[in-house]
Amino acid sequence: MKQHFQQIDVVKGLAIVAVLLLHSLSRASLLHSYAVYHIWQAVPLFMVVMGLNLGLSVHGRTQQLKQLYTRQYFSKKAVRILTPFFIVFLLSVPLGVLWQWATGADVLAFSWYTAVGVLPVTGKGNYFITLLLQSIVLLPLIGYASSRRPILTTLVLVLLEVLFQVWAAHFAYFDQNDYLYDAAFPRYFTAIAYGLWLAQLAQRPFRWRYTVLLAALGAVSAFFLWLFTYQQVELPFLRQAWQPQQLLTFGYAALLVWLALRLLPASSTALALRFLAALGKASYHIFLVQVVYFGLADKQSPLLLNLLTCLVLGYTFYQVEKRLQA
């Protein structure tokens, strides 16, 4: 059985709060607060954790191809990912109709994007839902490869990310359909690779050389984050909007996750850690709620209102669904 790390839930809890802050604050405020080193790390943290959980699930066992896409696997993913998504999808339709009737705002929309995970009432960050849908197909293959050839798998993931970025930079279709680029899972292959290696390290006795290596990679990534965000340095093969989230910067998020694994207890009764861990367990439900919320909310809504509404509704949604499935 996969070992449970409370630190992972704490990281996810911090990341979902960061998502809400990211979608509530102005770009000027984010830049002024150096959010590229904290709030803007929300999605990279989630993706590194995704790789970490994958690595923990396959650690110590060699998978067979026939074990990857089983009925049990898809049933598990349906419960965790698809069921909450479809609940929010269905509820957002009458909510959007009522909102349009009450305010006159045209918030309800259907298009071919709906087929790839865009909610009828969609707000900020919807692309992450599409990332999760892709993960259902891609993660088993990555885990299978990593359990057999971890170094080769890492090299292939990094190479595929580079090739995708180079191709995407010259693919004009993404200029008119940037959502598909935003939601492309290959953009985060290196983050997944970092998570896979963190899973390896988490199962081994502490070694300073690993921490020094991660610290060095994190420091280099932090330097690149500064260059891309504050010095207007751009790589020609990367789309401008996503320069701070790519293979040269994911080491910083990996370092943050590693520090959480090493500095925080695996299990704690401390109120703050329990609170963040609870939010982490409900992070997907909170995320779904905030997509719809920011599709409806006024752009100038108070920060505290945004936080309380999304956290309370999302956590309540998680608890209700959990009890219904018990």
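Cβ coordinates come from backbone N, Cα and C, glycine included.
Per TrEMBL, the feature domain 'Acyltransferase 3' maps to 7-311. For the domain 'Acyltransferase 3' (7-311), the model's average pLDDT works out to 92.
Taken from TrEMBL, the feature transmembrane segment applies to 38-58 (among others).
Annotation source TrEMBL lists transmembrane segment at 79-102 (among others). Outside the transmembrane segment (79-102) by six or more residues, the chain places 108, 117, 119-121, 129, 132-133, 136, 284-285, 288-289, 291-292, 295-296, 317, 321, 325 with a CB less than 8 A from a CB of the stretch.
The feature transmembrane segment is assigned by TrEMBL to 127-145 (among others).
Annotated transmembrane segment per TrEMBL: 152-173 (among others), in sequence order.
As annotated by TrEMBL, transmembrane segment applies to 179-198 (among others).
Residues or ranges marked as transmembrane segment by TrEMBL: 210-227 (among others).
According to TrEMBL, the transmembrane segment annotation covers 247-264 (among others).
Annotation source TrEMBL lists transmembrane segment at 271-296 (among others).
Among the features that TrEMBL reports, transmembrane segment is placed at 302-320 (among others). Long-range neighbours of the transmembrane segment (302-320) within the same chain, counting only residues 6 or more positions beyond its ends whose Cβ lies under 8 Å from a Cβ of the stretch, are 17, 20-21, 23-25, 84, 87-88, 278-279, 281-282, 284-290, 293-294.
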Sequence-remote partners of the transmembrane segment (127-145) [C-beta within less than 8 Å, at least six residues beyond its ends]: 43, 46-47, 50, 54-55, 57-58, 63, 65, 68-69, 73-74, 77, 81, 85, 116-119, 152-153, 156-157, 179, 182-183, 185, 188, 192, 196, 284, 287-288, 291
Stretch in 38-58, 152-173, 210-227, 247-264, 271-296 most in contact with the transmembrane segment (179-198), if contact is a CB pair under 8 A: 38-58
Which of 38-58, 210-227, 247-264, 271-296 contacts the transmembrane segment (152-173) most, counting Cβ pairs under 8 Å: 247-264
Sequence-remote partners of the transmembrane segment (247-264) [C-beta within less than 8 Å, at least six residues beyond its ends]: 5-8, 10-11, 37, 41, 44-45, 47-49, 52, 158, 161-162, 188-191, 194-195, 198, 201-202, 206, 211, 214-215, 217-218, 220-222, 224-225, 228, 235, 273
